[in-house]
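Data first, discussion second: the structure below is written as structure tokens.
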């Protein structure tokens with residue numbers, strides 16, 4: 001029993017029914033906000049499950065086409081492709097990524113033909129999947145990543161991906177000057193309409209672990225000389241501003257859940273859309289907890305994605321994109 005006139009403010013009034021909660025919801029989660037990362041492997045004739053990411057697979061070309069159409073039909077906003085070449089096709093400079101007949105470029109052409117303007121087709125513009133050393137760039141004589149040689153290679157990758165039908169290229173290697181160089185290279189090659197998704201703040205994270213299996217990466221060492229330190233928020237803001245100055249069309253924060261402060265900061269300063277990537281480790285943690293019946297998988301997924309949206313992400317990359325689209329329909 002309450003004292004007359006107290007409490008005057010009762011926020012619970014706006015939580016009283018599902019209809020009321022929907023009406024006053026401040027954050028929405030819709031399939032159109034989501035991008036589905038997909039892996040396509042060369043030299044396989046059936047799906048290859050990724051053990052550390054239950055439910056995620058390396059696709060064949062044919063299975064990729066079917067899964068992509070299904071995701072788009074479900075309402076997923078975009079698709080982001082990663083190519084996985086055969087081990088014997090990897091080399092020091094990632095030639096398979098530039099080759100028009102390389103698995104990623106062939107798969108881009110497949111999906112561009114199948115889907116046309118029904119989706120936004122994105123490509124990972126990086127070398128780690130294609131190099132025999134597993135780094136995101138070209139190495140110099142001392143085994144260090146050569147920034148400028150790598151950027152030149154990224155331009156070749158981006159042009160090859162644009163030629164193959166990518167609407168958006170995503171340089172994810174965190175090289176200095178990569179966005180400006182790609183913009184110049186794409187424009188010079190006649191692809192002024194191809195957008196650049198800049199991985200503006202990509203942190204050196206332990207949560208990328210399962211992804212290395214997903215792309216069959218052979219990395220030795222780490223990527224701390226080019227990916228950002230997890231504790232450096234002001235450095236992230238500097239990187240964001242540099243990429244915006246160089247012409248980024250969309251900026252990416254990666255990973256998402258551990259860096260929601262950076263997502264919020266980016267959303268506060270960016271005149272272009274902000275994306276955030278719910279990475280493989282985030283996915284694997286929820287899967288593992290759900291498999292042990294410690295959490296409700298669907299509820300946890302929707303809560304995590306809503307949190308990323310609440311922080312300010314316009315676009316969320318998630319391996320649950322197709323599932324969520326079905327759940328929300």
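A Cβ is built for glycine as well, from the same backbone N, Cα and C atoms used for every other residue.
Per Swiss-Prot, the feature active site, schiff-base intermediate with substrate maps to 202 (among others). In the three-state DSSP scheme, residue 202 (active site, schiff-base intermediate with substrate) is classed as strand.
Taken from Swiss-Prot, the feature 5-aminolevulinate 1 binding site applies to 212, 223.
Its Cβ taken as reference, residue 239 (Mg(2+) binding site) is surrounded by 22 other Cβ atoms within 10 Å in the chains shown. The Mg(2+) binding site annotation in Swiss-Prot covers 239.
The active site, schiff-base intermediate with substrate annotation in Swiss-Prot covers 254 (among others) and rests on similarity to another entry. Take the CB of residue 254 (active site, schiff-base intermediate with substrate) and look out to 10 A: across all protein chains shown you find 24 other CB atoms. Secondary structure at residue 254 (active site, schiff-base intermediate with substrate), as computed by DSSP, is strand.
Taking all protein chains in view, 24 other C-beta atoms sit within 10 angstroms of the C-beta of residue 280 (5-aminolevulinate 2 binding site). Annotated 5-aminolevulinate 2 binding site per Swiss-Prot: 280, 319, in sequence order, evidence recorded as similarity to another entry.
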Recorded positions clustered about residue 254 (active site, schiff-base intermediate with substrate) [Cα within 10 Å; pool: 202, 239, 280, 319]: 202
Residue 202 (active site, schiff-base intermediate with substrate) versus residue 280 (5-aminolevulinate 2 binding site) - Cα distance in angstrom: 14
C-alpha spacing of residue 202 (active site, schiff-base intermediate with substrate) relative to residue 239 (Mg(2+) binding site), in angstrom: 9
